[in-house]
Amino acid sequence: MAILVTGGAGYIGSHTVLFLLEQGEQVIVLDNLQKGHAGALSDVTFYHGDIRDDQLLDTIFTTHSIDTVIHFAANSLVGESVKQPIEYYENNVIGTHTLLKKMLEHDVKKIVFSSTAATYGEPVQIPIQESDPTIPTNPYGETKLAIEKMFHWCQEAYGLQYVCLRYFNAAGADPNGRIGEDHSPESHLIPIVLQVALGQRERVAIFGDDYQTEDGSCIRDYIHVMDLANAHYLACEHLRKDGQSGSFNLGNGKGFSVKEVIEVCRQVTGHPIPAEIAPRRSGDPASLIASSEKAQTILGWEPKYPSLETMVEHAWNWHKEHPHGYSTENKDKQ
């Protein structure tokens, strides 16, 4: 049986595909390549298309014996979602509705969903627990929460089995340097800092240094992308054993401040990396850390690469060899 990975050419998706292949899984990838990269994929059956394409989904489910879907395909920028909410509901919610409808038509009833800790909104406690209130503060988080609720009701009505994985910031790259992180425009802190080290940016901005944290900068939960890949695989195995459906946080066990991330990047790269203090961004909480006790207990998941230094080292190794990301590879493959 095969696993269909939607959005499998994206950052977390491509690392999950690589991890699945290393476990001996047969993998089918569907991606529209708006954000993903063909150069991040090898040795898989690839479909270039959209999750809202009914006919394409029929073809995929008819052609391949698929027992589980891992669903990454989504628009995922918080700021953009505030400016373009219709697009986010269209792609994320309606897209998932189309995917789910076709899954059920073809009797595929297991799905692992890449959700987000943005479903919680402003945290009521740190670390965040799955039982905490889910009150998203932006359309991106709202769409992910709506999808989670859709899965719940489809379980009640049709026997769908699902795992929703909620996490904050993926970081790092394949430890062997085969694939890495490439967004356009780049919005994630670690690759932005590494672009400064590569001379592609003059400096990095620290948005606020007057938070109630030890060094005044925001604290965030970073998880190595291969640890996230492993979590998605373990979730598939959990569902194949008829494990309970539900939502699971994935956390590193501790958070890292913006200043701490920059300092570790300086140490790893050997570059000074100039930084400047900028005004706070609206809606940025001082600290966001997720508890992963439930995932550890039920899924058997433990981070293999919890060290910030290791995440930065793996990211730096890839960025040094691919300073312009997948641009060359994409031109060759598309």
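Every residue gets a Cβ built from N, Cα and C, even glycine.
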Among ARG178, ARG220, which residue does Swiss-Prot name as a further substrate binder in the site formed by THR116, TYR140, ASN169, HIS188, LEU189, ALA205, ILE206, PHE207, ARG281, SER282, GLY283, ASP284?
ARG220
Let me know the DSSP-derived helix, strand or coil state of TYR11 (NAD(+) binding site), please.
helix
What subset of the binding-site residues TYR11, ASN32, LYS35, ALA74, ASN91, LYS144 lies within 10 angstroms of SER282 (substrate binding site), using C-alpha positions?
none
Around the Cβ of SER282 (substrate binding site), other Cβ atoms within 10 Å, all chains included, total 8
Pairwise C-alpha maximum, in angstrom, for the residues (THR116, TYR140, ASN169, HIS188, LEU189, ALA205, ILE206, PHE207, ARG220, ARG281, SER282, GLY283, ASP284) that bind substrate according to the record:
24
So, in DSSP terms, is ALA74 (NAD(+) binding site) helix, strand, or coil?
coil
Taking the Cβ of each of the binding-site residues and counting other Cβ atoms inside 10 Å, which one has the highest number: LYS35, LYS144, ARG220?
LYS144
Nearest by CA distance to LYS144 (NAD(+) binding site): which of the binding-site residues is it, out of THR116, ASN169, ASP284?
THR116
